[in-house]
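If you check TrEMBL, you get these features:
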DOMAIN    29-111  domain 'Gelsolin-like'
DOMAIN    150-216  domain 'Gelsolin-like'
DOMAIN    265-337  domain 'Gelsolin-like'
DOMAIN    410-488  domain 'Gelsolin-like'
DOMAIN    536-605  domain 'Gelsolin-like'
DOMAIN    640-717  domain 'Gelsolin-like'
REGION    783-806  region 'Disordered'
COMPBIAS  797-806  compositional bias 'Polar residues'
COMPBIAS  819-840  compositional bias 'Polar residues'
REGION    819-874  region 'Disordered'
COMPBIAS  851-860  compositional bias 'Polar residues'
REGION    886-960  region 'Disordered'
COMPBIAS  894-912  compositional bias 'Polar residues'
Amino acid sequence: MSSSVKLLDPAFQGAGQKPGIEIWRIENFQAVPLPKSNYGEFYMGDSYIVLQTTPGKGGSNLYDIHFWIGKDTSQDEALTAAIKTVELDAVLGGRAVQHRELQGHESDKFLSYFKPCIIPLEGGIASGFKKPEEEEYETRLYVCRGKRVVKLKQVPFARSSLNHDDVFILDTRNKIYQFNGVNSNIQERAKALEVVQFLKEKYHDGTCSVAIVEDGELYTRSNSGEFWVLLGGFAPLNKKTTGEDDVISETTPTKLYSITDGEMKPVEGELSKGLLGNNKCYLLDCGAEVFVWVGRATQVEVRKAASRVAEDFVTGENRAKTARITRVIQGYENNSFKSKFDSWPEGSTAPGGEEVKGKGKGKVAAFLKQQGVGAKGTIKSVQVVEEVPALLEDGGKTEVWYINDGAKLPLPEADFGKFYSGDCYIVLYSYHSGERKEDNFLCCWIGKDSIEEDQKTAYQLATKISNSYKGRPVQGRVFEGKEPPQFITLFQPMVVLKGGLSTGYKKSIADKGLTDETNKADRVALFRISGTSTHNNKVLQVDAVATSLNSAECFLLKSGSSIYLWHGNQSTRKQEQLAAKVAAFLEPGVALKRAREGKESNTFWLALGGKKSYTSEIESSESVRDPHLFTFSLNKKGKFEVEEVYNFSQDDLLTEDILILDTRAEVFVWVGQCVNVKEKENVFKIGQEYIDRASSLDGLSPKVPLYKVTEGNEPCFFTTFFSWDPNRATVHGNSYQKKLALLFGPSQVAELESMLPKEEKTTGNQGAPTQRASALAALTSAFNKSPSKSPPPEKSTANQGGPTQRASALAALTNAFKSATRKSSTVERSPSNQSGSTQRAAALAALAASFNPSAETKTSAPKPVRSNPGGSQRAAAIAALSAVLTAEKKKQSPDVSPSISTSGTPAVTSPPTDADSSEVNPSEADDSVGVAKTNKEDLSEANPSGADDSQEVAKTNKED
């Protein structure tokens, strides 16, 4: 042991003592601390070690060590990084989760440390560094992928790198362009805007211009034109190709192997925690990620051998360049590992390191102390102080109903705060928060002895109330004994009584032959006073026996017409004051008799059935909050799965999504504005599925409070877990529009809406925008080449208007395209509004005229027929345009709205029925017929002047 610890790198001394990130770079096979100013810069030729220290439960720290390997790093440096990671883990007590990160395939957790992204730089410590500020600014093209964490990849600076499915960023010296593929994801577009802003601030000192270029947008627009000029011109884009970095490992059935003497053996049976022995190492193959589980009782050499087996395994499976390898220690398994098992019973798990007290850790700590490696601080940490979340604003209006016979009955105001264990209640609190008109907190309280029928009725009627407020209220479900501070604060005091008022409860008790314990005037009742503050001062009726007493608390004893206040020797003055307040609430006007511990009267003990021993231990009901944000999905087998959003922020609450915030003390299901109605109806079902899963895997209480929170109506006890900006909640639109408005102002959103028709966001018509983009590219190419066939402008006065005429044609064509997509077929069929077809016909006429000289300038002498690629190209462009316009008419629906869609799940437009097709305006059909005729004649005659083209299109316009 001594010789191994001597090899620990002194660069790690004091590591992991404070929460946050620490980074080392491998230089000449040594770990060298990286200056904080360089955090986030990773050179492709180097390897790095990144330590993330997080406060854990119980006050101890949790550690994640990532070693990042650049694609150009040497094998020796990569091996050094792996070895140094083991050394750093030893300094931390041998309990860190270790991750191997490969450039281009980093885990979401690693990328979350460096928002919005990391940009790998060329060079390294061996080959020398290339810093952008030290060289001529190089124009770079990136593809940007990811909804919450961004994987930014530099691609060749060429038009062939673009496609219709991704978002690209072109970074030039004076301007940054974001190109949105027509089929790209709305949320990826929004995230790319953050990257654009990051590049602007980091590499341009915040001074360069920013432009948004939409796929299919005509190059006559200034930003679009500049963009295409830089890429060599406007032309059809290639289909998306899959490269090595784009390969996503297929989801494979999870398989468990034991590792013995460097050999892997399959472990048969259903995955369960009981299969893992503490004297062995195991490999869990999950496809894209491979886990190495290390038992506490294993030797160092066994652990090293297990790591080598994992490396050989991914190499043999051809996953060496894509699969992530994560090593976890028994007792410190992360949620990602535990989620692969059907259940994970509590016992050996060590929240914050409390339960792992094996000999190995003690030996490591003792030896590190001898070596002066700063073991102090690696084992101990600052105790976490629980902070009470923000409470609701006071001064609001409270309404309470209790459930009886399938209905809600209003509770008299004098009884507000009295809750019976056999009943269910609905509580509505209306209040004003900040500048908002009114907020509502709607909650169901479920007594532990209430019947199932009353519980269902409470949920249904609460939902009905929520719907009457258009779904705005924060809607919660609270179980007896798990009341959150926000609920308790509404009632001063809050008293939970035995028994119940519901007829259903009373019938249930009678059917079971049990005694109804509902509090009555002639019965002895004992109440325990808990807490000292408004957020935790709950009163609970307990069994009226001496063993229920506690020296650390105050109690009220009601016996006949008398009421006693008993205060233990360890109780506080605040508890006594609260007890007196509760006595006045339960028995108004009755004189209070005081009984101090040790000086009780015989009458007091007689009411409790005699004096008996009781406890003096202080019970703590406070929950330590440890917030985690999750997305969820259902796998192919219908199993509920979650994925954590690491280092989350308000930006991660995307309006198209539903997310789950688990604080350990409560669970919130956050619902974005653009979530479809069907998913909104299942919010509590989603929350319950999460609670069931977390209870099985992570020890979450199955009775934890559950809330539904809608976007724009977030309460203070939700926003307290974020660095919350209330102005963001006031911005409307989809994720992309919101981000655009926040970064660049509302004017950009208005401009975007003018460019993009709603149909381009629908899954039912994805081919239309791509077809338009291709047609425009073909048309542009034809326009650019046709002038070369014309005589020089200065020598041909008859054709000086050619360029201007072509520009006008493009402008007319742009308007025609917009009109074709914005106007529904219902509008275009209206006799009073046929501007759509007329506008397209006019655009075609302008197009034909721009291709050919005017009739007045043509000579009368006939020209010989000859091969003419230009004429064929123009005909092909017109044919493509004709096909697009025809497709536009066929795919339009009366339900299409001209505004941009804000839903994450786009609406699908229905195909036209036969009746719809028969009713199409004949003038619209003439557009495509005339152009088709034009194309046919142009191809047959191959006339370079295109005279027949213009005649046919003019004929079409006249007929229209």
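Backbone N, Cα and C atoms are what each Cβ position is placed from, and that goes for glycine too.
In terms of C-beta pairs under 8 Å, the stretch of 29-111, 265-337, 410-488, 536-605 lying closest in packing to the domain 'Gelsolin-like' (640-717) is 410-488. Averaged across the domain 'Gelsolin-like' (536-605), pLDDT for the predicted model comes to 91.
Assigned with DSSP, the residues of the domain 'Gelsolin-like' (640-717) fall into helix, strand and coil as follows: 26 helix, 21 strand, 31 coil. For the domain 'Gelsolin-like' (410-488), the DSSP-based tally of helix, strand and coil residues reads 24 helix, 26 strand, 29 coil. Across the domain 'Gelsolin-like' (536-605), DSSP helix (H, G, I), strand (E, B) and coil residues number 21 helix, 23 strand, 26 coil.
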